[in-house]
Amino acid sequence: MKFTKMHGLGNSYIYVDCFKELLKEEELPALAVAVADKNKGIGSDGMILICPSDRAPVKMRVFNNDGSEAKNCGNGLRCVAKFAFEHGYVKETSFDVETLGGLVKATVHPNDNGLVDTVTVNMGEPRLGRAQIPMLGEEAAEVVAEPFTIGEKEYRLTAVSMGNPHAIMFIDTIEDAPVEQVGPLLEKHEAFPDWVNVEFVQVVSPTEIHFRVWERGSGITQACGTGACAAVVASVLNGFTQKGQEVTVHLLGGDLTISWLENGDVLMTGAAETICEGTYVKGLSY
(Lines of atoms letter the chains of each structure in order from A and count residues from 1; the text may use other names and numbers.)
(Lines give C-alpha, C1' and ligand atoms only; values in the text may rest on other atoms or scores of the structure.)
Protein backbone atom coordinates (compact mmCIF):
# COMPACT_ATOMS: atom_id res chain seq x y z
CA MET A 1 0.00 0.00 0.00
CA LYS A 2 1.49 3.31 -1.09
CA PHE A 3 1.14 6.09 1.47
CA THR A 4 2.04 9.72 2.06
CA LYS A 5 2.67 11.01 5.56
CA MET A 6 1.58 14.63 5.98
CA HIS A 7 0.97 16.97 8.86
CA GLY A 8 -0.88 20.15 9.66
CA LEU A 9 0.86 21.86 12.59
CA GLY A 10 2.23 18.56 13.84
CA ASN A 11 -1.13 16.77 13.60
CA SER A 12 0.14 13.94 11.38
CA TYR A 13 -1.79 11.30 9.46
CA ILE A 14 -1.00 8.53 7.01
CA TYR A 15 -2.72 9.50 3.75
CA VAL A 16 -3.77 6.82 1.28
CA ASP A 17 -4.71 7.68 -2.31
CA CYS A 18 -7.84 5.57 -2.85
CA PHE A 19 -8.04 6.71 -6.45
CA LYS A 20 -5.23 4.17 -6.87
CA GLU A 21 -5.30 1.90 -3.80
CA LEU A 22 -8.13 -0.60 -3.23
CA LEU A 23 -8.62 -1.24 0.48
CA LYS A 24 -11.04 -3.62 2.17
CA GLU A 25 -13.73 -1.76 4.11
CA GLU A 26 -13.82 -4.25 6.97
CA GLU A 27 -10.07 -3.92 7.52
CA LEU A 28 -9.89 -0.12 7.66
CA PRO A 29 -10.17 0.29 11.47
CA ALA A 30 -7.44 -2.28 12.14
CA LEU A 31 -5.28 -0.83 9.37
CA ALA A 32 -5.55 2.65 10.90
CA VAL A 33 -4.45 1.31 14.29
CA ALA A 34 -1.56 -0.56 12.70
CA VAL A 35 -0.13 2.26 10.59
CA ALA A 36 -0.53 4.79 13.41
CA ASP A 37 1.56 2.68 15.83
CA LYS A 38 4.83 4.56 16.32
CA ASN A 39 6.74 1.43 17.32
CA LYS A 40 5.41 -1.25 14.97
CA GLY A 41 3.80 0.86 12.25
CA ILE A 42 4.60 4.18 10.59
CA GLY A 43 3.54 6.43 13.44
CA SER A 44 0.79 9.06 13.28
CA ASP A 45 -2.41 10.38 14.83
CA GLY A 46 -4.41 8.17 12.46
CA MET A 47 -5.12 7.42 8.81
CA ILE A 48 -6.90 9.51 6.18
CA LEU A 49 -8.25 8.15 2.91
CA ILE A 50 -8.44 10.39 -0.17
CA CYS A 51 -11.29 8.91 -2.19
CA PRO A 52 -13.40 9.54 -5.31
CA SER A 53 -16.73 11.23 -4.65
CA ASP A 54 -20.06 11.65 -6.42
CA ARG A 55 -20.55 15.03 -4.71
CA ALA A 56 -17.14 16.69 -4.97
CA PRO A 57 -13.74 16.26 -6.64
CA VAL A 58 -12.49 14.30 -3.61
CA LYS A 59 -13.80 12.70 -0.43
CA MET A 60 -11.96 12.52 2.88
CA ARG A 61 -12.38 9.67 5.37
CA VAL A 62 -10.66 10.04 8.74
CA PHE A 63 -9.71 7.19 11.06
CA ASN A 64 -8.34 7.93 14.53
CA ASN A 65 -5.45 5.95 15.96
CA ASP A 66 -7.92 3.79 17.90
CA GLY A 67 -9.63 2.75 14.65
CA SER A 68 -12.77 4.87 15.10
CA GLU A 69 -13.95 6.96 12.14
CA ALA A 70 -14.29 10.72 12.59
CA LYS A 71 -16.72 12.98 10.77
CA ASN A 72 -14.24 15.78 10.19
CA CYS A 73 -10.65 16.91 10.67
CA GLY A 74 -9.57 20.47 9.99
CA ASN A 75 -5.84 19.77 9.76
CA GLY A 76 -6.58 16.73 7.62
CA LEU A 77 -8.73 18.80 5.27
CA ARG A 78 -5.86 21.16 4.55
CA CYS A 79 -3.55 18.25 3.76
CA VAL A 80 -6.17 16.54 1.57
CA ALA A 81 -6.64 19.78 -0.36
CA LYS A 82 -2.87 20.11 -0.84
CA PHE A 83 -2.59 16.48 -1.98
CA ALA A 84 -5.53 16.71 -4.40
CA PHE A 85 -4.20 19.88 -6.02
CA GLU A 86 -0.57 18.78 -6.27
CA HIS A 87 -1.53 15.36 -7.69
CA GLY A 88 -3.80 16.85 -10.34
CA TYR A 89 -7.15 15.61 -9.01
CA VAL A 90 -8.34 19.23 -9.12
CA LYS A 91 -7.26 22.09 -11.37
CA GLU A 92 -9.03 24.95 -9.62
CA THR A 93 -7.59 26.55 -6.50
CA SER A 94 -11.01 26.49 -4.78
CA PHE A 95 -13.00 23.26 -4.63
CA ASP A 96 -15.29 21.15 -2.44
CA VAL A 97 -14.16 18.24 -0.29
CA GLU A 98 -16.73 15.70 0.88
CA THR A 99 -16.53 14.61 4.53
CA LEU A 100 -18.83 12.56 6.74
CA GLY A 101 -19.82 15.90 8.28
CA GLY A 102 -20.81 17.38 4.90
CA LEU A 103 -19.21 19.34 2.05
CA VAL A 104 -16.53 21.92 2.83
CA LYS A 105 -14.86 24.46 0.54
CA ALA A 106 -11.05 24.46 0.40
CA THR A 107 -8.86 27.12 -1.21
CA VAL A 108 -5.21 26.26 -1.80
CA HIS A 109 -2.50 28.91 -2.01
CA PRO A 110 0.21 27.52 -4.34
CA ASN A 111 3.67 29.05 -4.49
CA ASP A 112 5.65 29.84 -7.64
CA ASN A 113 6.63 26.17 -7.93
CA GLY A 114 3.01 25.02 -7.92
CA LEU A 115 3.30 23.52 -4.44
CA VAL A 116 0.81 24.35 -1.71
CA ASP A 117 2.12 25.83 1.53
CA THR A 118 -1.11 27.03 3.10
CA VAL A 119 -4.80 26.26 2.70
CA THR A 120 -7.95 28.11 3.69
CA VAL A 121 -10.96 25.96 4.50
CA ASN A 122 -14.53 27.20 4.86
CA MET A 123 -15.68 24.94 7.67
CA GLY A 124 -19.30 26.06 7.33
CA GLU A 125 -21.58 27.11 10.14
CA PRO A 126 -21.10 25.82 13.68
CA ARG A 127 -23.96 23.86 15.19
CA LEU A 128 -24.85 24.95 18.67
CA GLY A 129 -28.02 23.14 19.76
CA ARG A 130 -27.58 20.21 22.13
CA ALA A 131 -29.14 17.79 19.65
CA GLN A 132 -26.65 18.92 17.00
CA ILE A 133 -23.56 18.46 19.19
CA PRO A 134 -24.94 15.92 20.36
CA MET A 135 -25.23 16.44 24.13
CA LEU A 136 -27.95 15.21 26.43
CA GLY A 137 -30.48 17.77 27.64
CA GLU A 138 -32.98 20.18 26.10
CA GLU A 139 -32.46 19.58 22.38
CA ALA A 140 -32.64 23.15 21.07
CA ALA A 141 -30.76 24.80 23.93
CA GLU A 142 -27.25 26.16 23.44
CA VAL A 143 -24.54 25.21 25.91
CA VAL A 144 -22.59 28.35 26.85
CA ALA A 145 -20.54 28.50 30.07
CA GLU A 146 -22.72 25.78 31.55
CA PRO A 147 -21.59 24.43 34.95
CA PHE A 148 -20.37 20.85 34.58
CA THR A 149 -18.75 18.67 37.22
CA ILE A 150 -15.83 16.49 36.14
CA GLY A 151 -14.36 14.38 38.89
CA GLU A 152 -14.79 16.58 41.95
CA LYS A 153 -14.25 19.92 40.22
CA GLU A 154 -16.76 22.17 38.47
CA TYR A 155 -15.94 23.61 35.06
CA ARG A 156 -17.93 25.80 32.70
CA LEU A 157 -18.46 24.17 29.33
CA THR A 158 -19.33 25.66 25.99
CA ALA A 159 -20.31 23.02 23.42
CA VAL A 160 -19.88 23.47 19.66
CA SER A 161 -20.11 21.10 16.70
CA MET A 162 -17.96 21.75 13.63
CA GLY A 163 -19.23 18.55 12.05
CA ASN A 164 -17.77 16.83 15.13
CA PRO A 165 -18.41 17.56 18.83
CA HIS A 166 -16.29 19.87 20.99
CA ALA A 167 -16.43 20.87 24.66
CA ILE A 168 -14.47 24.05 25.39
CA MET A 169 -13.33 25.35 28.79
CA PHE A 170 -11.66 28.71 29.39
CA ILE A 171 -8.75 28.88 31.83
CA ASP A 172 -6.40 31.60 33.09
CA THR A 173 -3.09 30.00 32.11
CA ILE A 174 -2.69 27.49 29.30
CA GLU A 175 0.30 25.86 31.01
CA ASP A 176 -2.06 24.77 33.80
CA ALA A 177 -4.55 23.09 31.44
CA PRO A 178 -5.45 19.67 32.95
CA VAL A 179 -5.58 18.01 29.54
CA GLU A 180 -4.40 14.57 30.64
CA GLN A 181 -6.58 14.57 33.76
CA VAL A 182 -9.87 15.98 32.46
CA GLY A 183 -9.62 15.04 28.78
CA PRO A 184 -10.22 11.29 29.06
CA LEU A 185 -12.95 11.76 31.69
CA LEU A 186 -14.96 14.19 29.59
CA GLU A 187 -14.22 12.52 26.23
CA LYS A 188 -16.40 9.50 27.06
CA HIS A 189 -18.80 11.15 29.52
CA GLU A 190 -22.35 9.87 29.27
CA ALA A 191 -23.57 13.40 28.52
CA PHE A 192 -21.97 13.06 25.07
CA PRO A 193 -23.46 10.05 23.22
CA ASP A 194 -20.87 10.26 20.42
CA TRP A 195 -18.02 11.16 22.80
CA VAL A 196 -16.44 14.61 22.54
CA ASN A 197 -13.22 16.47 21.78
CA VAL A 198 -12.03 18.40 24.83
CA GLU A 199 -10.39 21.83 24.54
CA PHE A 200 -8.83 24.28 26.99
CA VAL A 201 -8.47 27.92 25.94
CA GLN A 202 -6.63 30.91 27.37
CA VAL A 203 -7.78 34.24 25.94
CA VAL A 204 -4.89 36.68 25.46
CA SER A 205 -6.87 39.35 23.60
CA PRO A 206 -9.82 39.60 21.18
CA THR A 207 -7.39 38.60 18.40
CA GLU A 208 -5.29 35.93 20.13
CA ILE A 209 -5.88 32.74 22.12
CA HIS A 210 -3.85 29.76 23.34
CA PHE A 211 -5.26 26.28 22.86
CA ARG A 212 -4.73 22.70 24.08
CA VAL A 213 -6.73 19.64 23.07
CA TRP A 214 -7.60 16.09 24.01
CA GLU A 215 -8.92 14.62 20.75
CA ARG A 216 -11.69 12.09 20.72
CA GLY A 217 -10.15 8.75 19.84
CA SER A 218 -6.57 10.06 19.73
CA GLY A 219 -5.75 11.77 23.04
CA ILE A 220 -3.31 14.67 23.19
CA THR A 221 -2.29 15.94 19.75
CA GLN A 222 -0.18 18.85 18.50
CA ALA A 223 -3.15 20.52 16.84
CA CYS A 224 -6.84 20.17 16.02
CA GLY A 225 -8.26 22.35 13.26
CA THR A 226 -11.94 21.82 14.02
CA GLY A 227 -11.14 22.33 17.69
CA ALA A 228 -9.46 25.66 16.96
CA CYS A 229 -12.56 26.71 15.00
CA ALA A 230 -14.81 25.63 17.86
CA ALA A 231 -12.61 27.54 20.32
CA VAL A 232 -13.01 30.79 18.38
CA VAL A 233 -16.79 30.26 18.12
CA ALA A 234 -16.88 29.64 21.87
CA SER A 235 -14.82 32.78 22.43
CA VAL A 236 -17.43 34.81 20.54
CA LEU A 237 -20.31 33.17 22.42
CA ASN A 238 -18.63 34.03 25.73
CA GLY A 239 -17.92 37.63 24.74
CA PHE A 240 -14.13 37.40 24.47
CA THR A 241 -14.03 38.33 20.77
CA GLN A 242 -16.57 39.09 18.04
CA LYS A 243 -17.80 37.83 14.70
CA GLY A 244 -15.78 38.95 11.70
CA GLN A 245 -12.59 39.23 13.77
CA GLU A 246 -9.54 37.24 12.67
CA VAL A 247 -8.15 35.35 15.65
CA THR A 248 -4.70 33.80 15.87
CA VAL A 249 -4.89 30.45 17.66
CA HIS A 250 -1.63 29.23 19.18
CA LEU A 251 -1.52 25.42 19.22
CA LEU A 252 1.34 23.16 20.30
CA GLY A 253 2.23 22.55 16.65
CA GLY A 254 1.93 26.13 15.41
CA ASP A 255 -0.63 28.82 14.60
CA LEU A 256 -3.95 28.90 12.78
CA THR A 257 -5.93 31.96 11.71
CA ILE A 258 -9.65 31.55 12.38
CA SER A 259 -12.59 33.88 11.81
CA TRP A 260 -16.32 33.38 12.40
CA LEU A 261 -17.83 35.47 9.62
CA GLU A 262 -20.96 37.58 9.89
CA ASN A 263 -22.70 35.20 7.45
CA GLY A 264 -22.17 32.37 9.94
CA ASP A 265 -19.35 30.49 8.22
CA VAL A 266 -16.04 29.75 9.93
CA LEU A 267 -12.80 30.19 7.95
CA MET A 268 -9.57 28.43 8.92
CA THR A 269 -6.17 29.16 7.35
CA GLY A 270 -3.02 27.22 8.12
CA ALA A 271 -0.08 25.23 6.84
CA ALA A 272 -0.06 21.76 5.26
CA GLU A 273 3.18 19.84 4.78
CA THR A 274 4.30 16.56 3.23
CA ILE A 275 6.74 14.56 5.38
CA CYS A 276 7.49 11.47 3.32
CA GLU A 277 6.13 8.87 0.92
CA GLY A 278 6.54 5.11 1.10
CA THR A 279 5.09 1.62 0.91
CA TYR A 280 3.41 -0.14 3.84
CA VAL A 281 3.67 -3.92 3.57
CA LYS A 282 2.92 -5.32 7.01
CA GLY A 283 -0.37 -7.03 7.85
CA LEU A 284 -2.16 -6.50 4.55
CA SER A 285 -4.33 -9.35 3.27
CA TYR A 286 -4.14 -8.13 -0.33
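Just so you know, glycine gets a Cβ as well, placed from its N, Cα and C.
Record features (Swiss-Prot):
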BINDING   N11, N64, G74, N75, N164, N197, E215, R216, G225, T226  substrate binding site
ACT_SITE  C73  active site, proton donor
ACT_SITE  C224  active site, proton acceptor
| field | Rounded Cα-Cα span from C73 (active site, proton donor) to N11 (substrate binding site), Å | value | 10
| field | substrate site, defined by N11, N64, G74, N75, N164, N197, E215, R216, G225, T226: further same-chain residues with Cβ within 8 Å of the Cβ centre | value | A70, N72, C73, G76, V213, S218, T221, C224, G227
| note | Of all C-alpha pairs drawn from the substrate-binding set N11, N64, G74, N75, N164, N197, E215, R216, G225, T226, the farthest apart lie at a distance in Å of 17
| remark: Note: among binding-site residues N11, N164, least Cβ-dense neighbourhood at 10 Å is N164
| query | Can you count the other CB atoms that lie within 10 A of the CB of G74 (substrate binding site)? | reply | 29
| task | Work through the active-site residues one by one (C73, C224) and point out the residue whose CB has the fewest other CB atoms within 10 angstroms. | result | C73
| Neighbouring C-beta atoms (10 Å sphere around the C-beta of E215 (substrate binding site)) | 26
| G225 (substrate binding site) CB neighbourhood, other CB atoms within 10 A | 27
| Rounded to an integer, what is the Cα-Cα distance in Å between C224 (active site, proton acceptor) and G74 (substrate binding site)? | 7
| request: Would you mind pulling the DSSP three-state label for the residue listed as 'active site, proton acceptor'? | output: coil
